[in-house]
């Protein structure tokens, strides 16, 4: 089998002989005309034939017989090529096809083989025929045949067997022609498979084959368009190793790629290398450097190139000035840009339209619209009519500043100078939709048709996207449904915007129906669409549907990206599926991705939420060992994890590390550490950090103030809690219910009852609605100081507010009523608590038994006593004594005997434990 094809031959088993083989029939005097190859009849390749042809043309030599032989030979080869091609196209390769080929020509010549290969468009057929011809003739193929075979691969862009063919050519001691190597590379480039093109050149080099100069430049040029500077540099250096002479143009291409990515050091290194090779920079290179270094934020360096250019005697051209003006405008150095613009305009008769457009954009971006209008007028006065580009730049800037009415005025005025184009209308529609002026946007859209323009899919996408972001979904859906699919067909972006917009508003079923419609349109949903669907299903609490979306995505063969996995993992952790979140983190690696800082941050945050904060320590140091540069979000997540796991010192160290690395701690950073310190009673340190945050201008929130109020309150430092609360309100912040609860709890624990009630009143006056915890704190506090009746008043108020007491509040209130002698109310509350599925604790049972006993309801108390024993709750000695006395008074002697026996057992147990 030949290279996996259905053939009885195997390329890997071939041992072709590339020397000591006679390829043509030769007589003593040279070639006979009959055996002579067709190429020998070509003047450029055969001087003898060229001479004879010239004689015929001059009438000197009558070679009629020779000409007929040539014609017969040529026609015979053509006919045979046709016949062979028909046979090869008649069906799959097999013995019957080999027989047919042998009958057609049992000893195929080199000319026949190359002629057939040039005609074939099927790589498998070409490879089979190529192998068969070599076996039949017992001759190694010549370079021309191999080149023809490689050209079949290039034409069909099927490189499955390319490496094996290149290896065989290498062993033969020659390589593909320059034309072939260029075509092979160009095939990959045309299919936008640039990594394959790069790998193809590396494969050639592996077999010591020298790719053509143009093959290298083709790939380098294609890679520059997709920003792959490292691959470009590899090829660039490889060219030099092969002895190719690189030029300024190539240096410029590679330098531009690095500068555009902001890799300034690499770009400068290449510049130095170019100068060391005695190349002189030209105007194009200087323009590239000014533009790219400027866009990378290196404005001073761009200035340096501008001045260096002039120092080398090169006159700046319009591109140089325009690029430098643009760089200065983007860096908000408008005055310098104006000075440079005036230099350009000095003594210039014809204005540079590009410079005017750039300067107008600069003024507009800075909000100096009067200067921009003056520049427009100046351009007119110089005899140059402002272009649609100038007006579009101006409209874009007005839109960013939300000066919509002014933009509409300019739109009307521009018609005097330039006809609005499709971009003009899209800019206007975009700003109108952003400012929710849908009616005007629709009017502008309709006026397009009057001037012969029609909304394209970009126009529709702008409207739908902006309306979705403005939560005007019905309007967005109306525009989508009104699309004329014959004129303007929705694309992936259209569906993606609407699916995400619907999902964010909770209309996930509508979003999914739109997804199905997208499939009906034969559009392939991207990872972005699936990310949106999963995120929004999880937000709506439909996690199972979210998981189904992932399975469907995999089934349809859509490749997820790292953003998809990070979002999915975040959703899973927030849904409480900790183990699933862990497995997704590992799955990132199985898809060939490397988890980034955000991936680790999500994992750490999820584990913290799940109560696994102790694991964050190892994960954090795993991140650092792998060389990740942590951002503020990552530090905040890890610091929060350390604080929640009790490692506050570690968190404090990380806070200091952030400062050393130049990362400014945020309100989240300070909030986590302050809360952590407050919870372990290191309040002075927490307060110092609080003051540090204020001095740095960090906008502190209610959460940080609440942490300090709670911390100071729990250790009885009520005055400090009050001061923090006062400062909070002076800053214009409103204490939330948690803040008030912290202060109330502190006051009641300090038995500052009156202060607590004043505080509760203030809370309601400031429109902060008390919650279940608020009432529970007050009821517990009142019961603690035996203000049971007052506590019951708050209990009733709580019921009126529709709040549901928790177990602690129930048991506290029941115990309080019983102790206050209000046994009937306590019993009702007890029965209600049990009816709602509540499980009283030992304290609650004992209090109720004592209350019923004191109220002379001995048998009810005894029944509750038995229930307490059955539930396994402890019965206090005091409770037994009170119940026993009540049973004796009620003459319930049998029950009294049982209680007495239990009381003796408790006494024995207590005596035994004291002895031990």
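Glycine residues also receive a Cβ, built from the backbone N, Cα and C atoms like all the rest.
Pulled from TrEMBL, these are the features on record:
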REPEAT    247-281  repeat 'PPR'
REPEAT    282-316  repeat 'PPR'
REPEAT    317-351  repeat 'PPR'
REPEAT    387-417  repeat 'PPR'
REPEAT    421-455  repeat 'PPR'
REPEAT    456-490  repeat 'PPR'
REPEAT    526-560  repeat 'PPR'
REPEAT    561-595  repeat 'PPR'
REPEAT    596-630  repeat 'PPR'
REPEAT    666-700  repeat 'PPR'
REPEAT    736-770  repeat 'PPR'
REPEAT    771-805  repeat 'PPR'
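As a summary of secondary structure, the repeat 'PPR' (421-455) carries 26 helix, 0 strand, 9 coil according to DSSP.
A Cβ distance under 8 Å defines the sequence-distant neighbours of the repeat 'PPR' (561-595), meaning residues of its chain 6+ beyond its ends; these are 527-528, 530-531, 534-535, 538-539, 543, 546, 550, 602-603, 605-607, 609-610, 612. Model confidence over the repeat 'PPR' (282-316) stands at 87, taken as the mean pLDDT rounded to a whole number. Secondary structure by DSSP for the repeat 'PPR' (247-281): 26 helix, 0 strand, 9 coil.
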